[in-house]
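Participant: My structure is below; once you've seen it, I'll send some questions.
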């Protein structure tokens, strides 16, 4: 009957494996692989898979060429699968690159209608989120898309049928040493490895990421409990969207360390209830053991000899006693062999130990991890026998003992290689494999030596693979991750050596001449799996051993100290005086009310690294702007330093700065506060990572904005100006609207900044006359005549801004003897207004939007304030809520520009001096100074 059951199991397993159509491949590079590529995807000559290149607004796909069966044809449940790949993203700019990268499982290779940009080549606006997609993806996203509720611009997410992730987290990995999250930057250009694993039994997906020089972290970055059976079709295509160095996938198999037995069990569960019962009995018979001791304060170990538990949870195997030994065993026997075929199970263990010797170069005889038939080890001797054997039974096959020795004394009778080695012992103390204590570096692969009796804690990993019949032993300091390459490897089947039931523990001994304190700080063991990692921070501390060092302070240092104190005091006072002068600020009584808006100069000096040239973002007629990071909050800021020699009007000016600091709008750069010091004023703004708009428009920019990006910036600035003019509690006149004062945030949204010239007044009141300030080309004619800044003068400047963004030209170009408004009008007069567009745009623009912006720019540039639209009207025109009046050019005269229009509007005229006689350059004497003598 037993033979029939076993035979039945074999038949079912064979059928299950055949039915699952398991796929298992590994590509270490793609030089000779047959992938299905489309879009920008290509294979390089050196075997890289490059998914995208320097092309904008595009996507690339790479598919495994054949469909993969992901579901059981009997019960339609999704199989277990896993994949790992190495990738790298090298961006065009250090802080901006592509839109990311995704590993995807999809019903088809083509994904019809998929779009680039924030859709990652996976979906489009219509299909995103549809349950009929049957798509599972892991995204490595480098752009923050608010429409998909992205958490930031550097995250990993699990997507199901859409781009709003089911689970997401900032890119990073959990350290093996302290369990803390170490952040990663996806667009760093450095290669990283991703592991994606789905357990068909547990219905759980894990995603892990780490640099390639770091072992796979035990704790995954993302875990999603979700049954993929309803989502995946039976036949699915695997794909990479959006270069790769290697790619591996296994379907219907766990990672190798889980072993073929566990895989077989998983297969049997899918077939019939009878086989499930049989496998359940086999699992129950194995009696898998799994424990972790982070210290031994409350553990129940079997101790004998010198072994004892200290009050703080250390396991001390030996003490100051000579010619002694100590044993510590897990109290219960452990099943090490399969009761059906008598083969040894896979097992692993890890422990942290320390040997603190009596003398620096001599100590004890060492420690051994041991697997033995009994706890007592009858007749075992100390000294060179390590408490394991004696002269009579050493080397006998009937011992059934396996040990890993950490030997600190050279014993020629056992052919030891030296007095500081690690060895694998079977039934005797002459090691099957041994090596000098050390570990192989992750960086260069070289052996780094260790001293076992250094007194410093070290960690040992012992792993036996029951399938491969191989044991690996690794050792390293506790502040080093487990090395990939083991120190010792022994290919040996332990099945004939181990009994079915064995005991596990530690043995240690001292010699007749010297002793050592030999400790175990923590211990983890697992049968049929990988032992749980030890959290080093949770382990008990080692005691300090030896007398306190005699301090030489009283005998040598005291005379020197007195003299040093005097010198230090004098130096400190001198330094304090110099530092006080260096960071001295101007602070008057009336400023105390503005405390929250005032920054300390010392903080700004530290943030901008002393205002070094390396931190300079730009400079102009009104001051120099520096990048900085506030020392306490770590917020990135921009600091503008402005000269201010006069006290006249300062109180009113600071009051306005503080008021402006309360402005909150998505298209305004927040003004955080100010600082006054000596003869200068410092204004503090939020830092915008992409700088000012003008660098994307002029002088053949390295990166030119496309039309949709420009039009979005225009609408954003218009919305910000409307808020300033009409929607805040006071009217705010910016007085310096221009491309260089429009900054771009991380998503290239336009934000109006630099409020250094802004003025405020209450709604319904007239603005006061001030000094004429601003920038030539943006100044309204009436501002130069009357000195009054109004909302209409801001509209005039906005008109110049519209023309420069659309045309890519400055309002005044002395080298070409051209005034932009004249030039655009001449194109309109000639019936070719679209020829005024920026040639960098080519044909990639929307003609209706371009014409709207150019004509609206001319409307805003009208010489009469009453004829200009308000910012509310401007926003309505740009949003398409109100059509632009049907305006047509009427005539061009030597004294200026004149337009007329229909639809019942009053006639109005645009008057500018002709650019041909340079009249504009002499229309007003406006300086670009700020606060040189009031405002």
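Glycine is no exception: its Cβ is also placed from the backbone N, Cα and C atoms.
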Participant: Any idea which of 553-577, 578-602, 603-627, 628-652 is down as transmembrane segment in TrEMBL?
Facilitator: 553-577
Participant: With every protein chain in view, how many other Cβ atoms are within 10 Å of the Cβ of residue 640 (ATP binding site)?
Facilitator: 25
Participant: DSSP on residue 640 (ATP binding site), three-state: which is it?
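Facilitator: The residue in question, residue 640 (ATP binding site), is strand (DSSP, three-state).
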Participant: Six or more residues beyond either end and a Cβ under 8 Å away: which residues meet both conditions relative to the transmembrane segment (553-577)?
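Facilitator: Residues packing against the transmembrane segment (553-577) from afar: none.
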Participant: The domain 'Protein kinase' (611-878): mean pLDDT?
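Facilitator: The answer is 86, the mean pLDDT of the model over that range.
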